[in-house]
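Feature annotations, courtesy of TrEMBL:
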| type | residues | note |
| --- | --- | --- |
| DOMAIN | 506-829 | domain 'PDEase' |
| ACT_SITE | H582 | active site, proton donor |
| BINDING | H582, N583, W584, R585, H586, D623, D733, Q786 | AMP binding site |
| BINDING | H586, H622, D623, D733 | Zn(2+) 1 binding site |
| BINDING | D623 | Zn(2+) 2 binding site |
Amino acid sequence: MDLDADTVERWLCEQAPQDLVDRVIRARLQHRTGSLTINRAKRGSMTSEMFNTWLASSPIKRSKSPNRVTRSSGEWRHHLGMLDEGELFMELIRDVSNELDIDVLCHKILVNVGLLTRADRGSLFLVRGKHLVAKLFDVTVNTELREAVHKAKEEEIQIPFGVGVAGTVAETKEVVNIKNAYQDPRFNREIDHMTGYKTNLILCVPICNYDNDVIGVAQIINKTDGSNSFTEHDVEIFQRYLTFCAIGIQNAQLFEKSVQEFQRNQMLLSLARSIFEEQNNLDCLVSKIMTQARDLIKCERCVVFLLDLECEEASHLEHFGAKPGNCSLEKKASTKNSTTDALANKDIPVAREEKDINFTTAFELGSEHGVKKINKNVKPSKLLQIAQEVASSTQLLNIADVQVWAASLNRQPSADSEDGCAGQVSIRSILCMPILNGKKDVIGVAQLINKDTGFPFTDCDVATFEAFAIFCGLGIHNTQMYESACKLMAKQKVALECLSYHATASVDDTIKLAQDNIPSAETYNLYSFKFIDFDLSDDDTCKATIRMFLQCNLVQQFQIPYHVLCKWVLSVRKNYRPVKYHNWRHALNVAQTMFAMLKTGKMERFMSDLEILGLLVACLCHDLDHRGTNNAFQTKTESPLAILYTTSTMEHHHFDQCVMILNSDGNNIFQALSPEDYRSVMKLVENSILSTDLAMYFKKKSRFMEVVENGEFDWQSEEKKALLCGILMTACDVSAIAKPWEVQHKMAKLVADEFFDQGDLEKLQLNQQPMAMMDREKKDELPQMQVEFIDVICLPLYKVLCDTFPWITPLYEGTLENRKHWKDLAEKVEMGLTWIDHDKIEIPVEEFFTNKSTKDIEFTITTLNTTQNSTKKSNTKVSKKHGKHT
């Protein structure tokens, strides 16, 4: 018996005489009572495994505890029958104390109350807002859980507070004990007529929580022992038991909410996974979203309308890069439950004119058929009217009755079909919500139609749908952007193919250059730091460039096809714009300075042949497609380049243009390189071009100074080599400052003119005052600004280079000499002279004063118009007119 006590006990209950059964049960109870504290199992913690197991089981299975015999068995009844009232009360409390399923708990409460009070049947109502909803109705001690739950869900009974017996108890919180139901005006006789049951006695008790708020009402009917009333003792027992049951109900409700939240989170996670797995097809994504929404909220139909987001093929490039917010709809405070009464009180904001709302696509999912897509032919319908209302106001709509809603807004139903879908069921209730993207712009509207239960959508449905709509918006927006990006990439590829064809050198020009004789380096004076390009024709500039490659033996060393080199040089020249300074000739001068540093300055001993190739390519390409404006201007104007690159904007663009030319047909001078050498040289070219941004120079300068001060002689490590190449690029880029004075003076004038043009654009386009070096009105300050430029950037740079590499001292010496000239001009400006007095200056201002004494007198300079044969002659009038200039 100790080995299988439960089996023996059940056998005895079924087969043994009643007196034997009573003795055995009494002995069994004494045994249990003696070890109550030991054998009573404590409620375990809800681990993840237990929780998932609980979710997977049905309420019917969860009602059967593995540690307790079946409630409907004879043993359970015998067991309760042998208990005194106190023991019975505690046993029934324990029976419900650990129950978390609200259906099972309510069933147990009603059955146990029936046993305690010998009531014939009972009902239990739970509070929902200002209504009582019948959780279980007409449950007897013999009613099975499955039957009770099915009966309650088949026809949900709602009772407003203050109506009927249960409603009165909920409102007053007072016990109602009726001895003759038919004489009480609060009793509804219709229920008896429907069920055929005769109600005599009614005991109705409120269920309150610890804050004394009503959370439900329990009601029992008639006695089974023939009594003609529920006694005071019954009332006391009923109230005491419900006090404990209230705790269990609250726990079960909280647990039910946690389960719903868990299931909702699982659904949202599943939806998020679906969104990121399905980003290349909008139709498939919307179909998934609609199916999950319908299954989650339990509705008959789902409809999604998408707005015209101007993503059609013809408008991609037109709207690409446009500032957001021009057509955005700001989200307003959402209405949780816009019922008919609220609508009648004009809680819904005034909508925009419907012509502003243009839906181009609609997706419809019914209860039986798959998703139907309507594209560019969304017919007027009641659903469309509601969608336009929501898209316009950006407010959620929870419409309990569509007909009443339309009437409250004085709207006539659409002349077309009721809902735009033939063969669909009529519309009763709708939950409609705007779909927003990450910028809070409305991109569509989602509608859930007709709750499966036949009742309006609940607040829980609204909360779930709100979270659902967020993921919908992100998924739809991402997919639309992906489709748009794919089209833009295709357009970009076509555009690049066209640009590549037109931006590269022609075959005829390539053949001509390849057949021309290339003069020697000495002919072009390429070895000198005083190289001047003024007398070179455009063809000669290309020949000089090719000579540098030949002189460094790069063509043979890296197997560069000669015609490819010629085409590449011509293509690079073609991709420089005709701006005043940062043009092809500037690139040639920078490359020539690098060539002179490598050869005359003996820097080639620190470089490999591949690095020499990369440095020459970087010099020639370092200002490709320069627009005559700097990085700051790109940022101020929010240009497409500034959107692409937030730092070193123009330098990144120059490198991109370099890559574009190399990738163009017949222009890849790196085609014979190994993959490893190709990666190395492209990395060197990129870092070298980016180093021409003076902002990068200031970052690298201190590190370079530190290396030099530490007596570094080995520049072969990757980090130090990159640092050296970057410093050399800056030295070459500003090398015009070290040219002979007549060259430097002209270069400075070109730079100033280009800067002044940018300053004019800033005044015109941005309505801003440009900095002094770009302000045409402050042109006389240029000599002093040149002195400052030399002192801050050029002299420190060339000084440290010539101290480290003495062979490039001419750059330092040339800069010092030009500083003297600029300082002299600056002093003359302070005297009141003008160094630029018309658009084109060919000679320095000091030449006006040759052989003229300036001691103790002030000059008045008048420059007269000259003929073509005497461009350098001027008529200078000097007078002793103190303080007057004409």
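The backbone N, Cα and C atoms fix where each Cβ goes, glycine too.
The most crowded of the binding-site residues listed here (D623, D733) is D623, judged by how many other CB atoms sit within 10 Å of its own CB.
If you average pLDDT over the domain 'PDEase' (506-829) in this model, you get 93. When the binding-site residues N583, Q786 are scored by other C-beta atoms within 10 Å, Q786 scores highest. Each residue contributes its Cα atom, and for D623 (AMP binding site) and the residue listed as 'active site, proton donor' these two points are 7 Å apart. W584 (AMP binding site) sits 10 Å from H622 (Zn(2+) 1 binding site), taking the Cα positions as reference. In this structure the C-alpha atoms belonging to N583 (AMP binding site) and H622 (Zn(2+) 1 binding site) are separated by 10 Å. For the pair formed by H586 (AMP binding site) and H622 (Zn(2+) 1 binding site), distance between Cα atoms is given as 10 Å, rounded to the nearest Å. Summary: among the recorded positions (H582, R585, H586, H622), the fewest other C-beta atoms within 10 A of the C-beta are counted at R585. Summarising the AMP site geometry, the residues cited as binding it (H582, N583, W584, R585, H586, D623, D733, Q786) extend over a maximum Cα to Cα distance of 23 Å. Spacing of D733 (AMP binding site) relative to H622 (Zn(2+) 1 binding site) is 9 Å (Cα to Cα, whole number). The two recorded residues, Q786 (AMP binding site) and H622 (Zn(2+) 1 binding site), show a Cα separation of 23 Å.
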